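Participant: Below is one structure. I have some questions about it.
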Amino acid sequence: MLGQSIRRFTTSVVRRSHYEEGPGKNLPFSVENKWRLLAMMTLYFGSGFAAPFFIVRHQLLKK
């Protein structure tokens, strides 16, 4: 009896919850503005690419 009521509650909660659906709606960032997306991706990937070079430069300049 208790198990059935718990099962009904969990399925009704899942059924009542609704999220936006469609391309790009399940991402943690917005893809609506392509120029902002380009800038954010450039910063993200560019910082990862440039970090080793800055670290080597820092080590070479260190006395």
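Just so you know, glycine gets a Cβ as well, placed from its N, Cα and C.
The transit peptide annotation in Swiss-Prot covers 1-16 and rests on experimental evidence. The feature topological domain 'Mitochondrial matrix' is assigned by Swiss-Prot to 17-33, with similarity to another entry given as support. As annotated by Swiss-Prot, N6-acetyllysine applies to Lys25, with the evidence given as similarity to another entry. The feature N6-succinyllysine is assigned by Swiss-Prot to Lys25. The transmembrane segment annotation in Swiss-Prot covers 34-60 and rests on similarity to another entry.
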Participant: Which value does the mean pLDDT take for the topological domain 'Mitochondrial matrix' (17-33) in this predicted structure?
Facilitator: 83
Participant: With DSSP, how much of the topological domain 'Mitochondrial matrix' (17-33) is helix, how much strand and how much coil, in residues?
Facilitator: 0 helix, 0 strand, 17 coil
Participant: Do any residues of this chain, six or more beyond the ends of the topological domain 'Mitochondrial matrix' (17-33), have a C-beta under 8 angstroms from a C-beta of it, and if so which?
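Facilitator: Sequence-distant neighbours of the topological domain 'Mitochondrial matrix' (17-33): 40.
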Participant: Once near-sequence residues are set aside, which residues in the chain of the residue listed as 'N6-acetyllysine', 6 or more away, have Cβ atoms under 8 Å from its Cβ?
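Facilitator: Sequence-distant Cβ neighbours: Tyr19.
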